[in-house]
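In TrEMBL this protein carries:
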{"type": "COMPBIAS", "residues": "8-23", "note": "compositional bias 'Low complexity'"}
{"type": "REGION", "residues": "1-23", "note": "region 'Disordered'"}
{"type": "TRANSMEM", "residues": "28-49", "note": "transmembrane segment"}
{"type": "TRANSMEM", "residues": "69-94", "note": "transmembrane segment"}
{"type": "TRANSMEM", "residues": "106-124", "note": "transmembrane segment"}
{"type": "TRANSMEM", "residues": "144-165", "note": "transmembrane segment"}
{"type": "TRANSMEM", "residues": "177-197", "note": "transmembrane segment"}
């Protein structure tokens, strides 16, 4: 007859190996964030589509300006990306660790706000593309406001989720790389404001670098879905 401790150990191992009820949701959230990271950089389609815009000197949002030929395509991609970000954010395990739960929960909802602001960006697009139409205003009040809200929500979510990672056990990738991605994303975002102050030119380069960094950030968030080891488990035995 097996020893009670051995039976108990096997039962614990089976319970740890068996995915819980939240496993399908976590898996779906993982894929949503990966897909969002890819689609958030759909601007690479400029390489094969005749957009008429110079990526070095144009905002990505000019691709779905109201008068642009691919307005529907890029606007649709932006909305799908926002929905994927929201789905991925809501699946993040905000209460895994009590010490990090409050910050993680706030960061999760800030990420949802970022997604909502991105949808608003498409609903009130730029009227035209100022990089190729000099009669077009560089600052569209409504679109500039929604873009500012999107950036505020994005950086708020990044700061909160990085802070939550520092209050979690172990050394998750989000804690190791998150501060670097946050700092680089903030610097590249600040480097894009030239046209808002009547100094256009080359702002397209840092903006596209910023979008790549946001994609990297979304991939980092997928590490939150990895199962954590049971703190009560002992290697090689019950």
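Glycine is no exception: its Cβ is also placed from the backbone N, Cα and C atoms.
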Worksheet, complete the sentence: Sequence-distant contacts of the transmembrane segment (106-124), meaning Cβ under 8 Å and at least 6 residues beyond its ends, amount to 61, 64, 75, 78-79, 81-83, 85-86, 88-90, 92, 94, 140, 142-143, 146-147, 149-150, 153-154, 156-161, 163-164
Discussion item. Using a Cβ cut-off under 8 Å, which residues of the same chain at least 6 positions beyond either end of the transmembrane segment (69-94) come close to it?
Written reply: 22, 25-26, 28-30, 32-33, 35-36, 39-40, 42-43, 45, 49-52, 63, 101, 104-105, 107-109, 111-112, 114-116, 118-119, 121-122, 125, 157, 161, 218, 221-222, 224-225
